[in-house]
Amino acid sequence: MDGSMNLGNEPPGDGGGGGGLTRQGSIYSLTFDEFQSSVGKDFGSMNMDELLKNIWSAEETQAMASGVVPVLGGGQEGLQLQRQGSLTLPRTLSQKTVDQVWKDLSKVGSSGVGGSNLSQVAQAQSQSQSQRQQTLGEVTLEEFLVRAGVVREEAQVAARAQIAENNKGGYFGNDANTGFSVEFQQPSPRVVAAGVMGNLGAETANSLQVQGSSLPLNVNGARTTYQQSQQQQPIMPKQPGFGYGTQMGQLNSPGIRGGGLVGLGDQSLTNNVGFVQGASAAIPGALGVGAVSPVTPLSSEGIGKSNGDSSSLSPSPYMFNGGVRGRKSGTVEKVVERRQRRMIKNRESAARSRARKQAYTVELEAEVAKLKEENDELQRKQARIMEMQKNQETEMRNLLQGGPKKKLRRTESGPW
């Protein structure tokens with residue numbers, strides 16, 4: 001395999017026999033009737049959130065039953081994975097039922113005018129099928145999800161293909177002619193780690209076209225048929241680069257940097273720092289991307305639009321319901337804990353008040369008993385004093401009288 005590979009300038013290919021969402025042995029090639037009969041559920045009344053969860057469960061069951069393990073060094077044979085890429089559901093569709101979404105798609109197909117939630121590719125498909133109106137049971141899961149605007153992350157599949165093709169002397173091999181000249185705008189810790197781990201040579205410098213990890217690619221690196229049928233204005237214009245010939249592996253590959261969250265690429269690779277082999281620190285500078293082709297975003301609700309609006313790329317609410325519930329439960333726990341502490345404080349305060357009241361009552365009772373005893377003692381003393389005073393008065397009267405007085409007698413009445 002030639003070391004110089006430009007993922008964006010390769011001739012269009014069939015992608016190993018499968019463009020779009022499906023591959024051989026995929027669940028997405030089943031129709032709704034087949035999927036409902038195999039699962040045993042009615043998906044018409046389910047919302048899109050529950051439909052995706054059922055599809056993921058069926059994927060996991062199929063992967064466990066098949067027992068296929070991805071092999072990095074096995075070429076295209078290692079790509080026969082039963083587990084598909086993750087799906088990104090727009091916020092406007094997460095709570096709609098499957099019947100409602102299908103009615104909207106049917107209306108768009110009959111009128112020929114696309115709504116805000118449908119891409120131009122879905123409009124073209126609906127117009128081509130306007131001659132014969134399909135039912136929901138005849139539509140495959142792939143067609144339904146594409147027309148509804150659900151986005152697939154197939155960049156990781158392309159990354160595995162590149163790893164399988166370059167395993168002989170690529171990212172972690174010992175060949176020295178497999179480096180690529182990567183020129184991007186800001187460093188990422190994953191890029192630094194990959195640059196340290198890789199055995200980078202210094203013989204040749206090859207250009208690597210940087211593409212978003214959310215753009216679906218075929219096995220040979222070409223764009224899918226959906227992207228070939230529609231070209232839009234690029235979100236990021238081409239910028240001049242300085243061409244540092246750094247012998248590095250495909251550090252921008254989604255297999256190395258792991259892709260982003262829910263269809264988003266690693267945005268840290270679009271910053272303003274470049275790396276040079278053998279340098280002990282990063283060299284800041286406005287480094288561009290060599291041979292950058294215009295990025296063609298997939299026209300859907302889940303990925304960027306023509307005006308660069310990426311508000312719909314935010315993750316769906318159902319993916320973070322656990323975090324919201326955790327915050328709510330934490331708040332409730334705090335309120336309950338605060339209430340319990342307040343109740344404990346009130347109980348302790350009431351107990352202290354009762355103890356003070358009881359102690360005060362006991363003290364008052366003791367004081368009353370003491371006062372009663374003192375009163376009785378004083379009354380006894382007063383009685384004794386009164387008796388003594390009475391006796392003294394009687395004795396004083398007797399002493400003052402001194403005995404019986406003599407009576408005056410007339411002994412002689414006269415001289416005669």
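Placed from the backbone N, Cα and C atoms, the Cβ positions cover glycine too.
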Among ranges 34-55, 56-77, 364-385, whichever one Swiss-Prot labels region 'Leucine-zipper': 364-385
Feature region 'Basic motif' in Swiss-Prot, mapped to one of the ranges 218-237, 338-357: 338-357
Per Swiss-Prot record, range annotated region 'Disordered' [choices 165-191, 300-326]: 300-326
Distance from T135 (phosphothreonine) back to S26 (phosphoserine), taken between C-alpha atoms, in Å: 21
Candidates S26, S45, T135: member of the modified residues with the richest Cβ shell (10 Å): S26
Averaged pLDDT, computed only over the residues in the region 'Basic motif' (338-357): 96
Euclidean distance between Cα atoms of S45 (phosphoserine) and T135 (phosphothreonine), Å: 15
DSSP residue counts for the region 'Leucine-zipper' (364-385), split into helix, strand and coil: 22 helix, 0 strand, 0 coil
